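Take a look at the structure set out below.
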Amino acid sequence: MAAPESGDGNNGAARMVTLISSDNTRFEVEAAAASLSQTLQLTILDGGGGGGDGIPLPNVDSATLSKVLEYCIKHAPAAANGGAPNATAVDRAELERFDNEFVNIDQSVLYSLIMAAHNLEIEGLQSLVAKKVADMIKGKSPMEIRRTLGFPDPTPEEQAEMNAHMLEYGWAYE
Amino acid sequence: MAMPRPPPDLVDDAIAEILIRVSPDEPADLVRASLVCKLWRRLLSDPAFLSRYRRFHRTPPLFGFFHDVGRVQTNPGFVPTTAASPFHQSALQCHPCLVFDCRHGRVLLRIVGTDRFVVWDPITGHREELRIPCIGDPLFSAAVLCAASDCDHRDCHGGPFTVVYAGTDVGGDGFPYAYVYSSETSAWSTPVSVHIGSYSNIDDRGVLVGDEIHFILPSAFKILKYNLQNHCLSVIDQPDPDLYYESVILMPTEDGYLGFAGILGSSLYLWSRKGADFIFMGTDVGAFTMELKSGRARKISEAKIFYFVVPFMTFCTPDSDCVKGKLLVHGEAH
């Protein structure tokens, strides 16, 4: 565990903060990475999360948080450069490769990530996971979309409504 | 607790973030998504959300193209470039028409054998006829554009429009001239003309860059420029007239300049162009669109020759009138 340090601890070693998942696992991470979260940024700027305190995240379990932090750590250097306008094509290609791999995950993890990215307000991650789900919708019928995304079977009323709409929008099903 | 959280449990905002990222390239995707459940339907019929959707995607996607098989008495055809399209060929089976231009969601057609233009909005089905200011020109060009101020042209249906007519005074001094029509006054302006030194026909579409519409004057190797603000005509020289003749085109560049393209000694020939980032090509094995950035070509038709091609770029979201698939068949009965 890192020694407690002051809010403006800018002397050599990067400042670390501790995040605590809903199942009480502690994650120590560089403040710069955790600050990708708009929600955490203010707390961290106020000097919170250092040392033994930690920031509790009651809505994020440890499996999800570990995945979220993997994203934040990878993206923190580029974010520190103000969206990395000077990043080389190689750097950008590497981040893109990482992102593609990152969302190649089980659907339940993907949904947990959507919620976590939303709660923690991590813009890049929100956009990444939302795009992944949007791509899963492509070329599918409403029923296929429901099945793919884990909706329960439609009720008879819902089914009737869907059928009526499908008649109305016939061209989209040819 | 790695409980799967299916989308019904996601908050509205997260669903909105997903749906806004569904690509506009295939309009059927958004229509089908709108039938998934009540929440999705509500979002995808909410004008505020759909307006955000169009802003998010910025450039309207290519929806298809109108074409004339030849400049003869026939109906123009529509070739969709999307897998499913709410447009039907029957939409165009009204009067024999020639297609002249398409911009800002409107198609400009000439009703053959009459002195009438039709400005048609395929998304809403709205049609407005106007008189052609000058008949007797064998070859002329005309451009239609949105006239609403503060419009980003992503969704300008139903607002005021402008038509610019550019022709050559064959019976008189042979100089090019232009008229401009305003839908707000339902009237054409007085004509303006410019001295270019030699006669040239105008037969290709105009290219809009900023406040100026450009037309190629092929036999004069010049480019005619009409300024919408000042209502005046001027000419600029075409680059390298000795090298590039016949297969030359104008196009707006991404950074807002006028682009020029020509073909030299290739078996490919350009037969039309347009949009921010692609060109059309007719080849011996069919018609293609080519993305200028990636160089990627996509086959859009088996046909080898189209005389005149006008791309139609638009957002077609579930709130569009045409999406219900009934509009065009009835809307054309004039």
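Cβ coordinates are placed from backbone N, Cα and C, and glycine is handled just like the others.
As recorded in TrEMBL:
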DOMAIN    A:16-75  domain 'SKP1 component POZ'
DOMAIN    A:124-163  domain 'SKP1 component dimerisation'
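In the predicted model, the domain 'SKP1 component POZ' (A:16-75) has a mean pLDDT of 90. DSSP states for the domain 'SKP1 component POZ' (A:16-75), grouped as helix (H, G, I), strand (E, B) and coil, give 26 helix, 12 strand, 22 coil. Per DSSP, the secondary structure of the domain 'SKP1 component dimerisation' (A:124-163) breaks down as 29 helix, 0 strand, 11 coil.
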